[in-house]
């Protein structure tokens with residue numbers, strides 16, 4: 001009996017430790033690989049007539065970008081400032097949706113549609129409080145979401161907060177910071193130095209005591225559901 | 001059996017520590033709280049094993065430990081959030097975000113119930129053996 005118990009304990013603890021270490025390496029390697037091979041891979045795949053960006057579709061005629069993401073039910077009850085983060089990004093587990101695409105590709109795809117961002121928020125600005133009113137500027141965007149059994153609805157409808165909030169999303173053009181930090185952010189709920197798109201609330205809006213954002217459980221499907229997110233330039 | 005008690009009680013305390021960390025938004029947004037749980041579990045299991053070397057703990061210790069940890073977690077999160085947060089940090093720690101909360105919750109409940117039953121049965125068996133030796 002004792003031997004069996006000790007064996008089970010050792011096995012479980014060993015598995016825990018292995019699980020803790022493994023994925024980190026994989027994520028960093030994948031991210032680095034994805035970043036460094038981006039240009040070459042894009043050129044090759046385009047030449048071969050394949051999809052230019054991994055898991056990201058660009059429709060130039062319709063002027064829209066779409067990608068799949070998985071809903072994280074943790075944020076039905078817990079606050080977060082990360083709406084959508086790429087699954088290989090450092091903030092992937094901290095966001096409402098884990099995109100199956102890469103955020104630097106998302107930046108490039110938006111530029112391909114002729115959009116631009118001013119990249120006017122620096123990492124040094126990120127510790128500022130909301131009253132400093134530091135906000136991203138760039139071309140305005142509209143985010144939409146749909147899933148099985150649900151037609152496309154505005155992304156704002158799946159977000160709720162403990163206070164009333166404005167919803168104006170812009171393209172930030174934060175490609176360089178996004179690539180260097182590998183945070184993976186597609187859409188942040190307040191202004192940010194690393195997100196490719198942000199809701200233009202001032203930096204620090206979501207800090208302690210500020211606005212708390214949640215995924216809206218009353219509208220959204222179950223945790224783990226794959227959704228499709230579509231982004232278009234705002235009219 | 002001392003190892004199992006340390007393993008069981010260590011898991012409860014580690015969960016209480018991880019839930020406390022998760023409750024702080026600043027920590028929750030920056031650190032993988034699953035790592036805090038698994039790391040604390042390992043450390044607390046070893047510490048508890050060493051601490052009980054001279055004097056082994058009884059059933060009451062494990063039952064009290066379980067009740068206190070459940071009460072503390074409930075006070076911190078309430079029922080609805082308790083159905084999400086422990087499962088969320090467990091899956092975050094092993095980088096398996098697609099495992100359903102319901103499955104993880106079933107594993108947690110099974111572990112807690114089966115664990116305490118093993119401790120109780122083992123304690124009864126030990127007492128019986130002890131009685132047999134003294135007669």
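Using the three backbone atoms N, Cα and C, a Cβ is placed for every residue, glycine included.
The transmembrane segment feature in TrEMBL is assigned to B:12-29, B:35-52, B:59-79, B:99-121.
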- Any chance you could find the range in B:12-29, B:35-52, B:59-79 with the most Cβ pairs under 8 Å to the transmembrane segment (B:99-121)? B:59-79
- Note on the structure: Near the transmembrane segment (B:12-29) in space but 6 or more residues beyond its ends, with Cβ under 8 Å, are 36-41, 44, 65-66, 69, 72-73, 76-77, 85-86, 89, 112
